[in-house]
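> Pasting in a structure now, in structure tokens, and then I'll have a few things to ask.
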Amino acid sequence: MLLNLRLDGSSLHVLCSTKTLPISSPLDKFPSFKKLKQNYVPGTHESDKGPQRSTRNGDRGCGTVAHEVVAGKNLLLVNPSNGCVGKSGIIDGFVDKRSKDARFGGNGLVSEVHTKCSTKRLSYGGCIPAILEALDSIEDVEDALSPWAERLSNKERTIILKEQIHWERAVEIFEWFKSKGCYELNVIHYNIMLRILGKACKWRYVQSLWDEMIRKGIKPINSTYGTLIDVYSKGGLKVHALCWLGKMSKIGMQPDEVTTGIVLQMYKKAREFQKAEEFFKKWSCDENKADSHVCLSSYTYNTMIDTYGKSGQIKEASETFKRMLEEGIVPTTVTFNTMIHIYGNNGQLGEVTSLMKTMKLHCAPDTRTYNILISLHTKNNDIERAGAYFKEMKDDGLKPDPVSYRTLLYAFSIRHMVEEAEGLIAEMDDDNVEIDEYTQSALTRMYVEAEMLEKSWSWFKRFHVAGNMSSEGYSANIDAYGERGYLSEAERVFICCQEVNKRTVIEYNVMIKAYGISKSCEKACELFESMMSYGVTPDKCTYNTLVQILASADMPHKGRCYLEKMRETGYVSDCIPYCAVISSFVKLGQLNMAEEVYKEMVEYNIEPDVVVYGVLINAFADTGNVQQAMSYVEAMKEAGIPGNSVIYNSLIKLYTKVGYLDEAEAIYRKLLQSCNKTQYPDVYTSNCMINLYSERSMVRKAEAIFDSMKQRGEANEFTFAMMLCMYKKNGRFEEATQIAKQMREMKILTDPLSYNSVLGLFALDGRFKEAVETFKEMVSSGIQPDDSTFKSLGTILMKLGMSKKAVRKIEEIRKKEIKRGLELWISTLSSLVGIGDCVDEL
């Protein structure tokens, strides 16, 4: 069997049977078309509760009679008595009897559409054009078809059904064919009806029509199943579509290439790329076994190439393209466009250039080809190449579409290429290409960021005065000014919204955000309070924005008030606004208030997340309050929230402050376990562990962390300083000296404590020359020596034979006259150590 779908038999029966359906045939209880026109509103049929949509058959793109009634709209109607086309007055889905002979004005629209349809009908030849005209102009099917009764061929009946735009009319004609008794309705006719009803999402009728086929012994063919799979998958019922595929497999029928293409499209649309690939491979193998000369069409290859591309399988896409060429299938423009898009999206621009050369040998690039190329090169920051392709497109006689202009214009705008952008705008204006709101706001942002405020305002006014801007357009322009701190301009745009009565919650939210960026918290609050007076109700985003603004401005008390209002309106669905207020209280050192907000949050059944716990644990870690910090750790565990690196770092910081080595080690191990090859504990945390180990002279453990940090290039000044102190404390002067030398060579000595550690080591180990040189480096780098520095230097002088009294006298001079005292220290040290005096250079 081709496809072994493991479907439960009972579910298959439910999806593909009519036992639960109230009707046995789509026609058994179907009202006449005349009745439908009077009473029926499409999409509201009482027996169809599934998704509704109005569709047109793709083979017939227009019509002169509107059989659908849409509430509140005027539709085209034909007066059966005189064939005149006019408007219908529609009230609440029903035809207004007062507008019987209403007609269109002379704008040429109706005649143009009718001409296109007439041309299509005439192409059929024979009696078909007259039949279709009759069906459009005469309401009763019997009257419309009576001149041709009992002499319509199978082909003519097929065309008549296929040409129907509305499913109701198609059903009525289909029923008329059956009622005549002289017409044999074959599987092709049923296939057409299944497609028409499926496109209209009339699933109960589809199922009933299927049952009717089986009952009458009309055997489904490959295209029948393909049609069913197609309409169900496009109607959003993928499980039902798979059910029909399963039924097909169950009777041993192998999908043909068309049906296979439908299945592949279904999987691709659902982004189930692996299933699409598996199905294609199984089908291809079976096809090749059955007929070794089977050659797939370009459509099937294009579908698979696109499927591989969307799933990121470049190699497979390339191999499929290669196989297509080997089998002699001429690639289409769609094929090349797809391959260019795949290679370009994966950064293989060399392959893109090669494909373009090959493409020009087989088929002409279209506008979409150039749009893809322009987009790819703008994304890769090759704006010059993108512009060249835009020019090439026009040189080839292709007219850029709105996508072409929009892509290039956006690329110019984000790069502040004002002159190029303005040139493109002029071209768009000359060609009457509409500039969409997304592009308009991008250009406003370009002018703002280029500090061309006058131009930005005139650009905005152009679209504002035209009166076509939506709320989203106004809000985007407010945001363009607000993000750059141009508050007065943002306010002017906001006022313009009021002029055209387009103020919605979106504009208020963006304006409040702009006030927040400019630190105008009072204005943000005033605007919030004024919303209701303009009939605009704040939404969740409004409250969230205002609370975040106040919290970040160190105004947690006010933020808490709005948080309470937010909770009362039912907009608090998570802990994010509470976390903002808690963090603000913590920042101000008001931990009692932070805990109060936390308790309030828990009381209202709003669950804290790891960020909330992290803020509180870190706050109490900073104060060294182990008990409070651990209480939140326990609360987090009880809530089933796993710790993360932020929590672990805070705990290690806490344990370091209070000297809890075992607890710190346990947490550090967890931190290491949660890390990977590219992520390690942060520098501060590792330094904390080295500090704990060095205080306890646990040299090997400290060295292990130190070596690991050096390998990653993360060891900083304090890492080296702690290792130096540990070695010095344990009398390991050789290792300590090596550390000191490394610190000097790496030029990472920037802190008085680090310098003092190095000076203390050199003084203790008798390395007086290095000590003096280090002291000179310290002074020349502008780092102020302190009492600890001179204590080490005094030790050196006394070891070199100077009396304690003389050393004390030098120090007294330094305290009275800093500059003279430093010069005296340096000259004395240099003289006794035997190195050149560099006082003049200092």
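Glycine is treated like the rest: Cβ placed from N, Cα and C.
Because the structure is a prediction, the values reported are computed rather than measured.
In case it helps, Swiss-Prot gives these features for our protein:
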- 45-59: compositional bias 'Basic and acidic residues' (COMPBIAS)
- 221-255: repeat 'PPR 2' (REPEAT)
- 751-785: repeat 'PPR 17' (REPEAT)
- 786-820: repeat 'PPR 18' (REPEAT)
> Could you put numbers on the helix, strand and coil content of the repeat 'PPR 2' (221-255), residue by residue per DSSP?
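Counting residues by DSSP class gives 26 helix, 0 strand, 9 coil.
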> Mean pLDDT across the repeat 'PPR 18' (786-820), rounded to an integer, is what?
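Overall, the repeat 'PPR 18' (786-820) comes to a mean pLDDT of 91.
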> Taking a Cβ cut-off under 8 Å, which residues six or more beyond the ends of the repeat 'PPR 17' (751-785) line up next to it in the same chain?
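717-718, 720-721, 724-725, 728, 733, 736-737, 740, 743-744, 792-793, 795-796, 799-800, 822, 825-826, 829-830, 832-835, 838, 841-842.
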> For the repeat 'PPR 18' (786-820), give the DSSP counts of helix residues, strand residues and coil residues.
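Output for the repeat 'PPR 18' (786-820) reads 29 helix, 0 strand, 6 coil.
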> Just give the helix, strand and coil counts over the repeat 'PPR 17' (751-785), going by DSSP.
27 helix, 0 strand, 8 coil
